[in-house]
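Peer 1: One structure, pasted below without further comment.
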Amino acid sequence: MEKLVINGGKSIFGKVNINGAKNAAVAILPAAIIASKGTSTVDNIPNIEDINCIEKILKYLGCKVEKASNSITIDSTEITTTNADIEEVRKMRASYYFLGALLARFKKARVELPGGCPIGVRPIDQHIKGFEALGAKVVIEHGAVNLTADELIGTSIYFDVVSVGATINVMLAATLAKGVTVLENSAKEPHVVDVANFLNSMGANIKGAGTDTIKITGVEELTGCNYSAIPDQIEAGTFMIATAACGGEVIINNVIPKHLESISAKLIEMGAEVIEHDDAVTIKSKGRLKGVNIKTLPYPGFPTDLQQPMSTLSTIAEGRSIINESIYESRFKHVDELKKMGATIKVEGRIAIIDGVETLTGAQVRATDLRAGAAMVIAGLIANGTTIVEGIEHIDRGYPNIENKFKALGADIKRIYE
Ligand code: EPZ
């Protein structure tokens, strides 16, 4: 079993380079299979477990895939099956994007219901509603979603909830549909825009991504292209929060500062300093920060994916912090782990009330999901003494080289194999 061992209590200083966005890459790579001509090379792909899973699924479907250090080339001209009957599908959430992509090109798809972090019920009813509205027949049996359609015809779809996954998936399905599809109440996350830009580079006609109304005019076919994924807003935010928590000064390179505004604003409110550059931010933190109130919301609100790291920071802030998790009902599994380290937290439904303590103390803790893992790493970095983080396979799904990046900033952190 692999674990992280952290001797905490050190400030961090230096520069860190942020990788390409996980949640953009895991949608862009399945989207590439809509191209029936040419190859696509996508750059700025993070080296993480979720991408390894996507690569295996692509190969299973018949794509030729070549991986370089941080780019992937996909030739999807000769797909051999539309039945993604491979266990990697169950290991991750984003495997559901193969439904929209296969449906667009082949008018049929079979993909098992997705896995992913255990943070709530996570239904896919809005994806299904969109596929059905475009003309697909949807049957769920033996744990898999089966889609078939004679033809897909553009229509107007109003999402009942703002969903990143449903917005992207239905956008994929509509790229080759006849006529115009209008998606209302769409998610506005930067990775929704990134996937739309990628599809447009392949020849799609998508307008309005980044607003709540996306208009997709169906085209005949897509052709492979060269593309570079956006930087990972959540990895960047994790390093910003870690610097605020540990104290120190870190330049976070390869970011789009606009995407980080909700995070910068909260850290400034707590007393940290954030300086924006063209494609970097500098964060400086000294002394104890002040408690803060946070409500997670769809973009441009505060991202749910940084709620857990932010609650670690709040455990040592002065005074009371109130954190309202409005997206996922079970995203507080890290709280019991933080309590083992001396944090004072009370959870009532979707609200965590955190009364700041002077410091945390090292303990043996568990990463219960991906961002809970990041929260425990930050807790270990600030705690007095030694923290051992187990369950780090969750962390490896989304953070490339997390221990080496923190080590380069002066942290005492290493991976052990037992
Ligand atoms: C994406 O999940 C991300 N995953 C998540 O990142 C992220 O937390 C989430 O968006 C919110 O930003 C990927 O991109 C692979 P949603 P997704 O559909 O698309 C409800 C991480 O840590 N809903 O935007 O699955 C849902 O239950 C991960 O990197 C429905 O009710 O999330 C939730 O309450 C974890 N019906 C809300 O909408 C649906 O059909 C938002 O979910 C779909 C969603």
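Glycine too: its Cβ is placed from the backbone N, Cα and C atoms.
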Peer 1: Have a look through D75, D150, D305, D355 and flag the one TrEMBL assigns to the UDP-N-acetyl-alpha-D-glucosamine site that R93, R122, P123, I124, D125, Q126, I327 belong to.
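Peer 2: TrEMBL names D305 for this UDP-N-acetyl-alpha-D-glucosamine site.
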Peer 1: Mind computing the max CA-CA distance among R93, R122, P123, I124, D125, Q126, D305, I327, which the record assigns to UDP-N-acetyl-alpha-D-glucosamine binding, rounded to whole Å?
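Peer 2: Looking at R93, R122, P123, I124, D125, Q126, D305, I327 as a set, their Cα atoms extend up to 21 Å apart.
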Peer 1: When the number of other CB atoms within 10 A of each residue's CB is tallied over all shown chains, which of the binding-site residues D125, D305 has the maximum?
Peer 2: D305
Peer 1: Consider the binding-site residues R93, Q126, I327 and say which one has the Cα lying nearest the Cα of C117 (2-(S-cysteinyl)pyruvic acid O-phosphothioketal).
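Peer 2: Closest candidate to C117 (2-(S-cysteinyl)pyruvic acid O-phosphothioketal), judged by Cα separation, is R93.
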